[in-house]
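Everything on this sheet refers to the single structure shown next.
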Protein chains: 2
Amino acid sequence: MGKTLAVSPLAPASFPELPVISGVRFASAEAGVRYKNRTDVMLAVLAPGSTVAGVFTRSATRSAPVLDCQSKLAAGGGASDAGAAILVNSGNSNAFTGARGQTSVAELCMAAEKATGVPQSRIFTASTGVIGEPLPHERIVAKLDELTGNLSEDAIKGSARAIMTTDTFPKGACKSVTIDGKTVQIAGIAKGSGMIAPDMATMLVYIFTDAVVEQGALQSMLSSLTDRTFNCITVDSDTSTSDSLMLAATGASGVDASNSDAFRTALSDVMLDLAHQVVRDGEGATKFVEIRVTGAASDADAKVHGLAIANSPLVKTAIAGEDPNWGRVVMAIGKSGAAADRDLLSIWFGDVLVAEKGWVSPDYKEADGAAHMKGQDLVIRVDLGLGDGASTVWTCDLTHGYIDINADYRS
Amino acid sequence: MGKTLAVSPLAPASFPELPVISGVRFASAEAGVRYKNRTDVMLAVLAPGSTVAGVFTRSATRSAPVLDCQSKLAAGGGASDAGAAILVNSGNSNAFTGARGQTSVAELCMAAEKATGVPQSRIFTASTGVIGEPLPHERIVAKLDELTGNLSEDAIKGSARAIMTTDTFPKGACKSVTIDGKTVQIAGIAKGSGMIAPDMATMLVYIFTDAVVEQGALQSMLSSLTDRTFNCITVDSDTSTSDSLMLAATGASGVDASNSDAFRTALSDVMLDLAHQVVRDGEGATKFVEIRVTGAASDADAKVHGLAIANSPLVKTAIAGEDPNWGRVVMAIGKSGAAADRDLLSIWFGDVLVAEKGWVSPDYKEADGAAHMKGQDLVIRVDLGLGDGASTVWTCDLTHGYIDINADYRS
C-alpha cells in the first residue's frame, strides 16, 4: 500500500447515515490479503427471495471473478428463493492469474456456500487490487466462519471500508421513495479512485433495496441507468479488469417497484451520488468538474465530445493550474471525432461566456474566467450549435498528486 | 512562454549537420509575435519547378492556415514553375480566431507574394502557439523584406529554431541516397513537444529534397509514410488544431526519384528520425519508450493496442516510476477495444519475458524487469497470439514535468 494518502479535499463532510435494508446483512474482517491492520474482506448475505442484477467491465482481459459473476447471472443467477451472497476482497484483484485465478474463485464460492448455506450458483465474488499476483484465497476462506457469525443489518459502513484500495474515504449513498403510500429504501456503497473511465473502471459498487423488483426489470433498470451515471465519469480514461456493479432487491418491504418511475429516479440518484464520489476521490484530484455538452448532432456525439474534453491531459492540467484555457477545450472537441463546426461553437466556464461563433466572446474578460476556475466545483459548458444532442460527464483535474500515487504504487 | 525549460534528457547530443538542399533557401527573424529576444518566424523559398505535398491535422477545429494550405494543395498547388514559399511563425497558432484568422492568412500571403515574387496560390503558411488570440500578422508582414533579403541555402538550422514553442531543442534529420549513380539529399526540420498524438499533433514538419518527384507521387509517398511514422507517436493523446507536415522536392539534382524504393526508404528514415525526436522532447519526458505489438488479428488492431498502451496514464506513470508494472499493460490491452485473448497474451520488458499464457512467466524475476525499466530507452513488447498483425509505436513517460509545464503555460 505504501504511504497513507490524505483524504481528498473533495470528499463529503462525512459518511452518510445509511438506512437498514431489511433482508441484507453485512460483515467485514481482516484477512490480511495484502494490507495489514485494516479490514479487507466484506460479506453480504441476502435473504431468500432476493433478485440480483449486475453490470461489469467490458475489458477483454477481465478478471476471473468477473467472468464467474457474468456466467452465473447469464444462467439466471439460480433460484432467488435460495437467497444470495456477495464476497469481496481488496488488496489483490485476482486478474491475469491464469487457471489459478479460476481455482481461487471456485475455492471461495465453495467455502462461502459451506459457511452461509447459500448455493454456489448464487454466490458472487469480486477482488480489487494488484493485478497478476496469485490471490491467497485461503486467507479469506479462513475468515468465512467469523464473517458469517458477525453478519448484521447495521454493518454496511464497515463493508464500504473493507473494499477500499487507494480510496481516501469510504463511499455511501441512500434514498427512500414512497410507492402506494409505503416507503422503500435504497442504499449503496462504492470503491474506486483510479483507473476510472466509462465501461466500468476499478470500481466496485453494491446497491441494495428492500423493494420487490422482478429480475428482468432489475437488470434492465441497472443497465440503462449505468449509461447515464457510472459510464459518464472518468478520472484517467483507464479501464480496469475487475469492475463490478451489482444491485440486489430483497423484497422485504413487500412493495413492488418493478414499474415505478419514482423508484427508478431514486435509484438513478443513488448511482449518480456514488459515481460523483468516485470522481471526488480521483487520484490526486483537487477540482470536481462537470462538463455539459449541448447542441450536438446526437446524444451519442455529445458524450463523445464530453469525454474527449474530460480525458484530455491538457484540459485536465489547465484545470489543475486554474487556467481558463478554453483553447484546449476547442482542441479536445476538434480531436474527438464527433461532428463539430468551429464557427458555431460556444463555450462557458461556469456562467461566463468565453467563446462564441468560433472566437473569443467580445465581452469576455479573462479575469472572469479565471475567477470561476479558482472554485472547487467547476462547470465547463459547450454548445455545438448543430442539433439537440446533449450529455453531461464528470471528471477531475490532473495534478502532481496523480503522478505521486501512480508512479510508485503497484496497483 | 513563462520559465525556460531545461533541455530534455532524451535530446540528441547535437543538432545534425544538415546538407544544403539545392533549390531551397531559408531565413528567420525576430518578429516579436509573442516571444522576446528570439526568432519566431521562418521563411523558406523554393525554386521554380518544385513540387509540394502536405498532410495536416484531422481536427474538426483546425486553424485558418491549415485550411488555407489544404485548399491550395487540393487545387493542385498552382503551377510548379512558379516556385513556392513556406512562411511559419511561432508564439500564436491563429486557431479559433474566427473570420479574423482568415484575414491574417490572406494578409500574410499577400505580403509574402509582394516580397518574394511567389504567387499567393503557392504560399503555404503555418502558425503555432497560443490558440484563440488574434495573430498580430502585421509584425510578421513588417519582417518580410528583411527575411527575403537574408535568404540563404545554409540557414535551415535557424529555421528549426524559429518554429520552436515549448520544444527544448531544435530538431533536424537528413539522409542521402544514390539513384542511378547520382546522389540526392533529403533534409528536414520539426517542432513539437506537447499535444502530440496520431493525426498530427502540435507538430510542424518541413522536409526538403533536391530529387525530382512528380506531384502525385510526392503526395502519396508522404501520406503513406506518415501512417508508419508521425501517426505512430504519442505524447499525451491530444491532437492540435495546427499540425502540418510538408514535403517539397526542388528537382535541382535532376534525378527522378518518383518511383525509387531507395528514396522512399530514405524519406521514411528521415520522417521516423524527426518523429522520434518529437517524442524525445515530449513535455517532461525522461524515458523514450518503443511499444512493439505482434500476433494481433490485424496490423490495425496491433496499432490500436499499441496506442492504448502508449496513451494510458497508468502505464506512463508506472514507466516514470521505473516500475515494471505489466498488470497495467494487460489493463490497457483489455480496454483498447481491439481483439485480445487474456490467456494467449505474452509481455516482455526489453528481452525479459514477464508474462505468458495469461499469467506471470514462471522464470520471471521482478529484479530483471526492474533493471530494464531503469534505462532511458525502453522497449515493451506484446504478443497477442492471435494472428500476424504487427505495429510499433513510440511514446514517453508521464512525469511531474508534464504537469509543471501544462498547468501554467497557456499554449
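The backbone N, Cα and C atoms fix where each Cβ goes, glycine too.
Annotated active site, nucleophile per TrEMBL: A:THR202, in sequence order. Secondary structure at A:THR202 (active site, nucleophile), as computed by DSSP, is coil.
According to TrEMBL, the feature substrate binding site maps to A:THR165, A:LYS191, A:THR202, A:GLU283, A:ASN406, A:SER411.
Closeness to chain B is evaluated for the recorded positions A:THR165, A:LYS191, A:THR202, A:GLU283, A:ASN406 by Cβ distance, with values under 8 Å counted; counted residues in sequence order are A:ASN406. In this structure, A:ASN406 (substrate binding site) is part of a helix by DSSP.
In terms of Cα distance, the binding-site residues that sit within 10 Å of A:THR202 (active site, nucleophile) are A:LYS191, chosen from A:LYS191, A:GLU283, A:ASN406.
Under the DSSP three-state reduction, A:GLU283 (substrate binding site) is assigned to coil, being neither helix nor strand. When the neighbouring Cβ atoms lying within 10 Å are counted for each of the recorded positions (A:THR165, A:THR202), the highest count belongs to A:THR202. Following the DSSP three-state reduction, the secondary structure of A:LYS191 (substrate binding site) is strand.
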